[in-house]
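Have a look at the structure below before the remarks.
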Amino acid sequence: MNLLGSISTGFPCISLHKKSLRDENPARKRLIDMDPRWNKLRASRSSDYMGCIFEVPLLGFSKVKSSSANGSMQVFCMDYPRPELENTINFLEAAKLSASFRDSIRPKKPLEVVIAGAGLAGLSTAKYLADAGHKPILLEARDVLGGKIAAWKDKDGDFYETGLHIFFGAYPNVQNLFGELGINDRLQWKEHSMIFAMPNKPGEFSRFDFPDVLPAPFNGIWAILRNNEMLTWSEKVKFAIGLLPAMVGGQSYVEAQDSLTVKEWMKRQGVPVRVNDEVFIAMSKALNFINPDELSMQCILIALNRFLQEKHGSKIAFLDGNPPERLCMPIVEHIRSLGGQVELNSRVQKIELNSDRTVKKFVLNNGSVITGDAYVFATPVDILKLLLPEEWKEISCFQRLNKLAGVPVINVHLWFDRKLKNTYDHLLFSRSPLLSVYADMSVTCKEYYDPNRSMLELVFAPADEWISRSDSDIVDATLKELAKLFPNEIAADQSKAKLLKYHVVKTPRSVYKTVPNCEPCRPLQRTPIKGFYLAGDYTKQKYLASMEGAVLSGKLCAQAIVQDYDKLVSTAVGDQSAEMFV
């Protein structure tokens, strides 16, 4: 998971959770799916029924709470109503950009655009090109959608994911995308809080609660001032003074801090060291999976800027199930409904060029080739660098890519034999030297819901020294850290809660490593090569390495292609049709 994310007037949603999609009893699942009461609950989840109690007769479920005499039960979850995001400036700007594709003049000859990579950047590019009346041909190397939000199902029917993905209110393009697809109800919004473990008090947590009655930035200031467990008043004052130049100088000041690490900036601004220990280490690991002595301060300031400027910016939501099915497939269905193509198991092996150094075709690993009017690389930057043609390597924008490299990260999933009590229906900052953030997904996510057993999903970072270690070593180290977070429930030797199974997902090159002086190296979506474009969170956009950054990069890439329509249809490349040749 990477981030850019109480006194709330929203009441907790008190609703019946559907049995996980991995229910071993297909007949029971069909019974639930056919029952009209479930359809009613699903249809109303994010509307009039928020904050109400549903009583539904038991349909073969295990009891989670004590049932009443009439055979009904109540299951409590902490989902909150969707926050009011639609009137924020950033949301409206994102909505305007989305509308520009739908409202654009229909092309006489739709462009056939070949896109490599079906992560969020590639899916976004294809979606908005299709909205503009063009035909995207999206190629995914693997057999699963999503790229860095991919997930897989094991033999037991349980999903395990590439990362712990959190959706913030400060993600305007992502929030617009959910609305455009009609899937806003798939986001499970949580209480507006940030919750940190207390390393010096094993098993205890400290909270920053954002009051709903105050506008930004006062709700954030209130949350910080009310928390007296992590920083003293003196430290808070010095921290605030250190941040004053960012508040006064705005975006130009933020961009100028790209040359400094977080620690260097703190020293320059006279910010106490304990602010690093109590706040910035956790933020740095959540934002970019690295520590403050490596992370560019620009990254921290951008996140703080979003959280302090937008009332609901730091409010978080979990997706209600696995990302490939619950988010990526609706995008694919939208693309296909407008005439686009999406192909799995289609790995680009080579970018073959014309004599003028423009792209002639993509050669796939099975020997087939595909041609089009324009080409997009929406893969991680490390894959682009591997496949970059020799003829392009002396071009300055491609040379600068050498500064950009993906950061390693590990995602750990642990299934226990019991329900853990010392957790929340929320994202938790572990403040562990080995772990970043974690969540009990059996509580926070509907599809993974389990009334009897906990499933912890944890981000193991920084991972440089662990990426080559065995899965068992990583799990053993994780359990030792969890014994500090759950001292009464988890022991490293499993003498308490028993580990039923685990999955470890290693990503040697994840989002680009946001170290100092990276900003000038990030390329625009439109390259100097006519008809060749880039998408990905490493490309130039204001949300850095995040899901929001990936989606926005795809929109900007699609915008560049639409703007270049006349140039593209007039070239020889435009005379070729996009089709597969074996």
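Note that Cβ sites are derived from N, Cα and C of the backbone, with glycine treated the same way.
Same-site candidate for FAD binding, as annotated by Swiss-Prot with E140, A141, K148, H165, I166, Y171, D537, M547, chosen from A121, A197, A497: A121.
It is 34 Å from the Cα atom of A141 (FAD binding site) to that of R306 (substrate binding site).
Other C-beta atoms found within 10 angstroms of the C-beta of A121 (FAD binding site) number 35, with every protein chain shown included. Spanning the listed FAD site, residues A121, E140, A141, K148, H165, I166, Y171, D537, M547 have a farthest Cα to Cα distance of 27 Å. For M547 (FAD binding site), the count of additional Cβ atoms within 10 Å of its Cβ stands at 30 [all protein chains shown]. A sphere of 10 angstroms centred on the C-beta of H165 (FAD binding site) encloses 20 other C-beta atoms. Calculated from their C-alpha atoms, the gap between Y171 (FAD binding site) and R306 (substrate binding site) amounts to 9 Å. If you take the Cα of R306 (substrate binding site) and the Cα of H165 (FAD binding site), they are about 18 angstrom apart, rounded to a whole number.
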